[in-house]
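Single-structure report; data block below.
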Amino acid sequence: MVVSVAILGGSGYTGGELLRLLLSHPEVEVKQVTSRSRAGKFVHTVHPNLRKRTALKFVPPEALEPVDLLFACLPHGETAPIVDRLLELAPIVIDLSADFRLRDPAAYEQWYHWTHPRPDLLAQAVYGLPELHREEIRNARYIACPGCNSTTVILGLAPLFRAGLIDLDLPVTVECKVGSSGAGGEAGPASHHPERSGVIRPFKPGGHRHTAEVLQELTVCGRTPSLGLSVTSVEAVRGILATAHLFPKQPLTDRDLWQVYRAAYGQEPFIRLVKEASGIHRYPEPKILAGSNYCDIGWELDELPGGRQRLVVMSAIDNLMKGAAGQAVQAMNIRLGFPETLGLEFPGLHPL
């Protein structure tokens, strides 16, 4: 039986990417897509790549009707106040906002400067990162999709922390280089072409909100790493490259790292280990992931003076796919018992 779905907040880049995927999904029928500002307009007037793919028009949020599964793509702070209404509309909700990603309401105060209106529901929401929470997703009623930067960082580092290889007495430093689509579809001074073109601009050198998710997921045996996350805007539309600098407890070899990552991700359909001896694609590169749901992970060991060893881990995704819409569809497939890769097989383009 075909599953009926709707998208709440479908006029942004994430909503458009989600609609693109769902329109080609063989087990899904998209019933409605909402937009308050564009109600009554054909969706292809906002998402021109979908011309002749659908005759759907945007409807106002108040016009939403019950469906089997609801995707919520609202800005931060707009989902939590209406969560009861969403759960009335659908027995399964997949939320792409940040409103239910964190389990601790105090973390919202610290990182978002926001008092969560429904702290009673935080423990019920499942963090929708399949590689870490697949079994929880299978039975979840409310799935909170991770942020794009946090997805990239967590997938790159989780196997190392879970294996106990990292010295938690030393700081972990991560920088994410991000494309412009991560800022959303609304124009502003920073996205004006003369200001954005050719840029390498520090966006959030410290205090990025996605740090909270990374700390939550990398806390092992009650111990939270001393991790700092910096985000830099670069000349690209799609993609994130996270580069993490860590210090192992004991010296590691490439073979050790291959074993750890293969044990964690060897059966994962959307994780690829990229560590080549030669060629221009020796390490993860976001450009070749555009439009795909893959996360590519690689590393390099750096022998420092004095006998200390530094581990550099690189992970890359398409922020609109594995960092948002693709991951949401992957979670939907798991939750509904479909093959996990259904509708997500596109490998990306090369060259691009």
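The backbone N, Cα and C atoms fix where each Cβ goes, glycine too.
Record features, source Swiss-Prot:
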ACT_SITE  C148  active site
BINDING   S11, G12, Y13, T14, N319  NADP(+) binding site
Worksheet item: Distance between T14 (NADP(+) binding site) and C148 (active site) at the Cα atoms, whole Å?
Response: 11
Discussion item. Please report the distance from the Cα of the residue listed as 'active site' to the Cα of G12 (NADP(+) binding site), rounded to the nearest angstrom.
Written reply: 15
Worksheet item: What is the one among the binding-site residues S11, T14, N319 whose Cβ has the most other Cβ atoms less than or equal to 10 Å away?
Response: N319
Worksheet item: Which state, by DSSP, holds N319 (NADP(+) binding site): helix, strand or coil?
Response: coil
Worksheet item: Considering the recorded positions G12, Y13, C148, which residue's Cβ sits among the greatest number of other Cβ atoms within 10 Å?
Response: C148
Worksheet item: Where does G12 (NADP(+) binding site) sit by DSSP, helix, strand or coil?
Response: coil
Practice prompt. Looking at NADP(+) and its recorded binding residues S11, G12, Y13, T14, N319, figure out the farthest C-alpha pair and report it in angstrom, whole number.
Written response: 17
